[in-house]
Amino acid sequence: MKGNTGVAHCCAQLFGLFISIALIYKAIQAIITTFQKYDPTCSTHDPLACDRSVGLLFIILLCGTLWISLTLYNFRTTPFLTKTKREILADYALPIGVIFMSFVGSFLFKDVPKETFTYDSNSNPINIVKFWEQSWEAHFICLALGIPLAILFFMDQLIVTNTVDNTQNNLKKGPAGNWDLLIVAFMNIILSVLGLPWMHGALPQAFLHLKAQADVEDRLVDGTLQQIVVKNRESRLATLIAHALMIPTYFFLLPFLQYIPTSVFHGLFLYLALTSMIGNELCERALLLFTEQRSYPPLHYIRRVPQKTVHAFTIIEIIQLAILCFVGFSPWPVLEMAFPIITFLFIPFRSLLLPLIFNERHLEALDSVH
C-alpha cells in the first residue's frame, strides 16, 4: 500500500509541475506572439498594426492580474482588516484580479487594440455528432486513438485524487476515486455526443478549491513555516453549484467574454501555475541542488536520507520532467500523441526500476505523503 502511495505521489509531483511549466510556457509564448504581430518595425500602412502599445498593454494586464491575485491570495497572512474579511479576499483573489484588470483593459484602454475571444451569435452551441454515419473503419480508428486519451484521463484522475485526498488535507470522509472516474466517463460520453468539451479532474484547480473550503494556519513544521489545514468543510454543494452555473454561462454569458482580454486569462494561468508550485516537493529538492548544505531546512528526508541520494533522486525526477516537457511541447503532433503513454510508463519506472537503484527506506522517505 505504501509503495502504491509513493508511486501516485511521485506522478502527482511530476504531473503537477509539468502543468505549471505548461501554463508559464503558454503565457510567455503569447507575449512573444503579441510583440511579433504588432512589430513597430513593420512596413504596413495601418498604424495600429505597428503599435508598440499593444504589446505593452498585454504585459500590463497580464502582470496586473497576476500581482493583484497573488497579493490578495497572501492577504490572510497580513494584520489588516479582520480575519473573516482577510479570508474572503484571499478566497476570491482570482476573480477580483480578473474583473479589475478586465475593466482596466476594456474601458480605460479601450482605444488600444487587444485580442479578445470571438463570439458568433448565429452559431449553434450544441452540435450532435452523427457518429452512426461513419464507416466501421472510422470507428476502429477512433477506438485506437481513444486508448491514449483514456490512459491520460485515468492518470489525470489518479493524480488529482492523490493530491486532494491525502492526510495532509485533513479530510474525514471516505475516498470516492473510483466513483469519480466512473462519473467522469459517463459525463464525457454525453459531452462527446453533443460535441462539447470534455471534463475531468484538473490541477491545480481541484487543490485550490479544497483550500478555499479549508481553515489553514501557519505552523512551524520541520523548522520551516508552512500552511497546515486544520479544518476542511467537506461539502459537494459548492462544486455542484459551480458546475450548474456553467449551463447558463454557456448559453447566456458567452457574449460577455469579449470584455475579458486574453492577456488577463494568461495572467490567470500564471497565477494558477505559481500557486500550484507551493508545497511541491520536487521544487523544494531542486532548490537544494543550489543551496549550501549548512543552510538546508530540517526536512524529514534530510535527516533520514544521505545528501547524495537526495540529489540523485532529484536529478532523475528532473530528467523525467524534461522528457514530459519535450514530448508535451513537441512541434510534431505524432510525438505529442505519445504523451499519455510516456506518463503511464512512469508508474512501472517508479515501482519497478527505482527500487533497484535506491534503498526502499530512502524511497519511502523521499517520495511518500507525510
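Cβ coordinates are placed from backbone N, Cα and C, and glycine is handled just like the others.
Any TrEMBL annotation is an automated prediction that lacks curation.
Record features, source TrEMBL:
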DOMAIN    50-369  domain 'Bicarbonate transporter-like transmembrane'
TRANSMEM  6-28  transmembrane segment
TRANSMEM  54-72  transmembrane segment
TRANSMEM  92-109  transmembrane segment
TRANSMEM  140-159  transmembrane segment
TRANSMEM  179-199  transmembrane segment
TRANSMEM  310-332  transmembrane segment
TRANSMEM  338-358  transmembrane segment
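Between the transmembrane segment (338-358) and the transmembrane segment (140-159) there are at least 3 Cβ pairs closer than 8 Å, counting only pairs 6 or more residues apart in sequence, which means the two stretches are in contact.
Across the candidate stretches 54-72, 92-109, 140-159, 310-332, the maximum count of CB pairs under 8 A to the transmembrane segment (6-28) is reached by 310-332.
If you count C-beta pairs under 8 angstroms between the transmembrane segment (54-72) and each of 92-109, 140-159, 310-332, the highest count goes to 92-109.
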